[in-house]
Amino acid sequence: MTIPNAAPADRPAEQRLDLIDALRGFALAGVLLSNLRDFSLYTLIEADAPALWPGERWLQMALAALLDAKAMTVFALLFGVGFALQLERADTGNADDSRAARRRYAWRLCLLLGFGLLHAAFWYGDILRYYAVLGLLLLPLARWRPATLAALGVLVAVFASAALQPWMKPWTAQFAPAAQAAAEARAAFAAPSWPTMLAGNRDYDLWVHATAWSLPLFTLGRLLLGMAIGRAGWLQRPQQHLRAWRRLLAWTLPPGLILAVYFLFRDFGGLGPELFGLQGGAARALSRLLRNLAYLSLGLGYVAAFVLLFQQPRARRWLAWLAPVGRMALSNYLAQTVFGLALFYGIGLGLGPRYGLIGVLAAFALVFAAQTALSHWWLRRFRYGPLEWLWRCLTYRRALPLRRAPGPAPAAA
């Protein structure tokens with residue numbers, strides 16, 4: 001997730017890296033808001049449970065349309081960008097140096113897998129293990145042309161799970177029904193007992209990742225697209241690619257919003273199983289394909305809109321406040337779990353879903369404001385976030401300086 005220095009271009013390196021870090025901070029905000037609904041156990045309550053507040057159903061619909069799977073799309077795209085840039089830097093030396101750098105990056109991904117597995121022991125929603133395993137599998141593709149990576153990414157992200165769905169239905173049918181798994185998890189997470197919570201998390205983690213069989217494809221497609229963006233230099237040299245960013249915005253945001261509105265009516269408006277005259281398995285496969293397209297289109301549209309806004313000096317002054325959050329992405333991502341468990345689980349304050357989505361929004365404002373302030377404070381004093389520093393030390397197998405010398409904060413973690 002580290003972004004190395006890009007090649008010289010028409011903008012100062014620090015400002016170009018600020019764009020990537022600010023975009024990552026923006027993604028972390030969305031990931032936090034999305035995950036807090038899980039931490040609060042809100043997503044585990046019965047679907048027909050009465051709303052706790054007036055307008056809560058409308059808020060639920062807005063989050064479903066604008067947030068679900070889109071924040072994680074941006075986060076995964078940026079990991080793919082960082083992956084491409086790390087390996088691009090590894091290839092700048094001679095053959096021996098390049099091989100050593102690639103081995104070091106593979107070791108770095110193994111360490112990330114360790115972080116992810118440890119994180120998953122406490123929270124079933126960890127995504128780092130997917131990034132690590134898929135990153136290792138993608139190492140041989142690092143020199144592929146951007147267009148090839150992009151085409152493969154779209155194929156995997158949009159079409160693969162839709163094509164596989166008919167064959168995966170018997171696989172998912174052998175596991176407990178979703179309502180039963182959610183009820184058991186909710187009881188375990190609400191219990192004021194560490195052993196009960198950890199056992200419930202283990203069981204629910206196994207259930208989620210056995211039944212959510214399309215998640216590796218979801219992640220893989222976005223990593224490939226992020227690699228394509230990184231290989232093409234769109235984020236390192238944004239002003240050279242403004243036309244491409246404008247085209248991407250026009251091709252993704254409007255259709256993504258149209259599809260999001262359509263699925264609002266389909267999911268919340270009581271539409272039947274028929275889809276454009278199709279029924280049964282064909283309707284389900286087409287529905288999944290269109291959902292995949294909606295998720296990916298809106299996520300890419302958000303990235304394009306953010307990049308274009310960042311080119312405006314007035315907007316950049318505000319958006320750049322997110323950059324320190326993005327520079328400490330690993331630390332902040334894992335800290336969000338600490339906050340979530342402490343606020344909502346029975347081992348902490350035990351707030352659970354009692355305040356509904358209003359409580360989730362309040363927790364989001366509190367936690368993200370705290371993370372933003374702490375990230376600014378920390379990076380004025382230290383070179384890297386605490387876990388970014390540990391990750392680097394383990395990668396290079398030696399202690400590296402943490403406290404920074406007087407001067408501007410480093411541009412990357």
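Any Cβ shown, glycine's included, is placed from N, Cα and C.
Because the structure is a prediction, the values reported are computed rather than measured.
Copied over from TrEMBL:
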TRANSMEM  58-85  transmembrane segment
TRANSMEM  105-122  transmembrane segment
TRANSMEM  128-144  transmembrane segment
TRANSMEM  149-168  transmembrane segment
TRANSMEM  206-227  transmembrane segment
DOMAIN    230-397  domain 'DUF418'
TRANSMEM  248-265  transmembrane segment
TRANSMEM  293-310  transmembrane segment
TRANSMEM  330-351  transmembrane segment
TRANSMEM  357-379  transmembrane segment
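Comparing 149-168, 206-227, 248-265 for CB pairs under 8 angstroms to the transmembrane segment (58-85), the maximum falls on 206-227.
Comparing 128-144, 206-227, 248-265, 330-351, 357-379 for CB pairs under 8 angstroms to the transmembrane segment (293-310), the maximum falls on 248-265. When pLDDT values are averaged over the domain 'DUF418' (230-397), the model yields 93.
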